[in-house]
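In what follows, a single structure is set out as structure tokens and then discussed.
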Amino acid sequence: MCLCSPLLVFWCHLFLSICVSWSHVPSVRFIAPFHHLYLEACCNAAMNLLVTQNNTHIGDNITYETQKTFLLSPQTSPLFNKRIRSCAVVGNGGILLNSCCGSEIDKADYVFRFNLAPLNYSNDTGTKTNLITANPSILIESQYGPSLILMPAFSFPSNTVVSFKAYYTLEDFGSQQKVVYFHPNYLDNLAVYWKKKGLAVRRLSSGLMIVSTALEICNKVTLYGFWPFAQDFNGKPIPNHYYNKNPPNRYMHSMPSEFFLYSQMHSKGILKLKVGRCF
């Protein structure tokens with residue numbers, strides 16, 4: 001959990017006092033209509049987010065050893081044939097506990113989730129899932145229905161074999177879920193895009209990757225469960241995740257920096273950042 005310095009505590013409380021007033025606004029107008037075009041010009045999630053047979057060929061930067069491995073990728077992207085009206089991006093932060101945001105989340109047309117987080121907190125988190133990320137070390141579960149499970153098969157060499165095993169496991173058991181893979185070229189372009197915007201982090205979090213995708217393909221984006229601090233706006237301690245108390249890996253991501261980016265986009269009407277209760 002990110003421990004707050006006195007200066008950060010001051011900023012945190014100031015920001016939260018503003019967010020409380022935001023939480024009573026029914027919706028935030030998308031007043032930056034060209035933001036998604038900048039992302040599309042840079043990265044084009046609709047075509048390039050996932051490894052497909054259309055955007056990757058045998059012998060390309062992602063080298064497939066056999067034709068059989070190549071066929072693990074879908075022919076075309078199963079995502080985003082047209083723009084989506086409303087999207088919910090549901091993080092796993094402890095700020096979701098007792099938020100009563102479940103029904104609001106489930107009303108979104110498309111719901112993104114992360115790391116196969118449990119859905120037995122449905123009053124706070126909802127259950128609707130269209131796409132969920134998963135680290136290869138996480139066991140594939142069946143509670144998500146016919147959703148896409150997005151895995152970073154090519155982020156590290158050790159992830160590739162495990163990700164392919166997940167594909168075969170789901171196939172063998174006739175699962176409703178389908179495994180798809182981040183395209184590393186898309187992630188490289190995305191990292192360059194945000195670096196040019198002033199975000200200097202060692203590696204983008206899966207949260208920012210998916211938020212970027214949602215901004216590109218959704219007319220309205222609302223974030224839930226994104227919170228990098230050890231206390232809520234009343235100073236009450238909250239867990240890092242709504243489902244456990246495991247500490248984050250501070251060396252992989254820069255959550256406060258990304259959260260500040262989300263707050264900036266909220267203030268510009270590019271997305272809505274939900275940090276309080278849903279009424």
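Including glycine, each Cβ sits where the backbone N, Cα and C put it.
Here's what TrEMBL has on this protein:
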type     : residues     : note
SIGNAL   : 1-23         : signal peptide
DISULFID : Cys87-Cys218 : disulfide bond
Taking DSSP three-state, what's Cys218 (disulfide bond) in: helix, strand or coil?
-> strand
What does DSSP assign Cys87 (disulfide bond), in three states?
-> strand
